[in-house]
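Worksheet: the structure to be examined is printed underneath.
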Amino acid sequence: MLSQIKFNNFTTKVNVKVNPTLLENGITTRDFWSKWIIYLLIIFIIFSFTIVKSPNFWVDEHMNVDLGRIILQPDTRWAISWMTKQMQPVYLFSYLGIVFQEIIYQKTGHFGPGIFALIGAFFAATIMVKWLLAIGTSHKVALFLSLVFLLDPLFVQSYTLGRLDGWTIASCLFVCLLLRNTSNNLHLEKFFCEIRIALAGGMTVVSIFIWPSAFFLYPLILLEFIYLLSLVKSRTKSWNKVALPILIFGLGSLIAFFFLIIPIYSKLLTQISDVISTIQINLRDENIKADKPFYMRFFESAIGFLKIFKYSPVLPLIAFIGIIRIKKVGLFVAGLTAALIMICTLVYPNRVLYLIPYFIIGTAYLFHVRHTRSIDYKSFLFSSLQAYVLVFLLIWSITLSIGARTILSLEKVKDQEIDQLYRVGESMLGKGNYNVFAPYELYYIGRSLGWRMYYPYVAWGENKLSPKEIDRLLPLIDFAIIGEENLTKNLVNQLKENGMYDLGYYQLYKKPLPRLPFDGITTNTIRLRNLYKIYKQPFGPYKLFARESKK
């Protein structure tokens, strides 16, 4: 490689052999990515083992699979996401992720959707590595922070429960990476830059069609796009040149939107009111009364928002320090915008986790320091502190997400819950086209046995088994399976008054644990169980009700 070396006022050209694959500290690109793949493989084995041997059977995964089934079978007349007022299943326009989960369930069975969600998170973490490198982060810091991102307790809780947040975040981070690579390579052929920008526009639309929460990362995408436009302006000194990337990005977005809307266009037109109702349901929290003044509702949401970070308190703090130190006003405004949207609509962990990419980038900026030849005590101390921060963040994530979560999961292996759920489902009803009110954990079992299952779809915090919801569902069902924790005297009376007869209890576990009342003390173990949704013997016993003609 031809290089210039300057001595005082003289400049000479010398040939210097440089290995383009050699990174800092003598590590090659191949070694770096081999190390990253090994880390991912180890984490994948641990998480996939717990998903297969000790599945959570949480509502989110079952809901997603059923929403995908509704897209593929638009005329279906049953759903576990049933809007009782409209007497229709939920129809979600963000169909890409849920359709993939349904197809994977059909091809691989009940383990497939969870593994699919896990792979999505790994893609997101890998793209995070690439983006961190693109913004100038050292390889070692990028690797550490991407592992912190992948193992953040909030993120782990999401993708180990079969949610699509990993794929959604991956698509948004890919947009950011495309825009940053374009910014870093504006000197290349114009055609390749335009292709990247158009692809970024298309992927921005794709992300919202994977899952609606992609919207919370749009400020981050906008920030990268503004950075690109500012570089174009500084290089060309022309506002007309700035308009071209905007037009290309918009064109890419429109093309993607056109192709993605075609498969659901006819259904969307006939059910637009139901789609709007679904959006409205997901924008309110029934635990916060609407009749309260706005400032009180905002305050309650803000308190709930901050409480969620008890599982990962250090990362937001370090990110804030990094943003302030480097004076990244744009990143601060982008993150604050996303946070305010959450607080003003609906706050819960699986939305708040969309702030993690903001925190990771903010933390990365803390390590963007100039390397000087003079080493003094102050710079040495700061470098040492940076190393301690990275190690602490990673140890925190590993301890909670791999250590504690794995221990909690292994405690459940001996119960063989998946086998017991199938056994109970077959003993209660068996195979048949039965119309059944069934809890979420019986969804896969019911699908395999041919049941048509119903469950109300209500706003966050609203009682799904309220008399109003049950009354609307009763004409549709012939059987009702009620978990003991939801069994109340009023519910039993309501079922009996509508012609349903008690057929007795069905026990799930061979050695059921005693149900002890909550003593009011929330231990760290309880907090971790609540975070990862890993409870001791959470299912059953079930009471079966049937109509007289179906007994």
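Going from the start of the chain as shown, residues are counted 1 onward.
For all residues, glycine too, the Cβ spot is worked out from N, Cα and C.
TrEMBL entries are annotated by machine, without manual review.
These come from TrEMBL:
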- 32-52: transmembrane segment (TRANSMEM)
- 114-134: transmembrane segment (TRANSMEM)
- 141-158: transmembrane segment (TRANSMEM)
- 216-232: transmembrane segment (TRANSMEM)
- 244-265: transmembrane segment (TRANSMEM)
- 302-322: transmembrane segment (TRANSMEM)
- 329-348: transmembrane segment (TRANSMEM)
- 354-369: transmembrane segment (TRANSMEM)
- 381-404: transmembrane segment (TRANSMEM)
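Beyond the transmembrane segment (141-158), the same-chain residues lying 6 or more positions past its ends with a Cβ under 8 Å from any Cβ of the stretch are 32, 35-36, 39, 43, 47, 117, 121-122, 124-126, 128-129, 132-133, 165-166, 308, 311-312, 315, 349-350, 352-353, 356-357, 360, 363-364, 367, 390-391, 393-394, 397-398, 400-402, 405, 531-533. When Cβ-Cβ distances below 8 Å are used as the criterion, the transmembrane segment (244-265) is approached by residues 71, 93, 95-96, 194, 197-206, 209, 225, 228-229, 232 of the same chain, each at least six residues removed from its ends. Simply put, out of 32-52, 114-134, 302-322, 329-348, 381-404, 302-322 has the most Cβ pairs sitting under 8 Å from the transmembrane segment (354-369).
Same-chain residues lying 6 or more positions outside the transmembrane segment (32-52) and placing a CB less than 8 Å from one of its CB atoms are 23, 111, 114-115, 118, 122, 125-126, 129, 139, 143, 146-147, 150-151, 156, 160, 402, 405-406, 409-410. Same-chain neighbours of the transmembrane segment (329-348): 215-217, 219-220, 222-223, 226-227, 282-285, 298, 301-302, 304-305, 308, 323, 354-355, 358-359, 361-362, 365, 460, counting only residues six or more beyond its ends whose CB sits under 8 Å from a CB of the stretch. Non-local neighbours of the transmembrane segment (114-134) in the same chain are 36, 40, 43-44, 47-48, 51, 55, 61, 100-101, 104, 108, 141-143, 145-147, 149-150, 155, 158-170, 173-174, 176-177, 180-181, 184, 357, 360-361, 364; each lies 6+ residues outside the stretch with a CB under 8 Å from one of its CB atoms. Through the fold, the transmembrane segment (381-404) approaches residues 43, 46, 141, 144-145, 147-148, 151-153, 156, 311-312, 314-315, 318, 363, 366-367, 369, 528 of its own chain, all at least 6 residues removed from its boundaries and within a Cβ separation under 8 Å. Away from its own ends, the transmembrane segment (302-322) comes close to residues 148, 152-154, 328, 339, 342-343, 347-349, 352, 355-356, 358-367, 389, 392-393, 396-397, 400, 527, 531 of its chain (Cβ-Cβ under 8 Å, at least six residues beyond either end).
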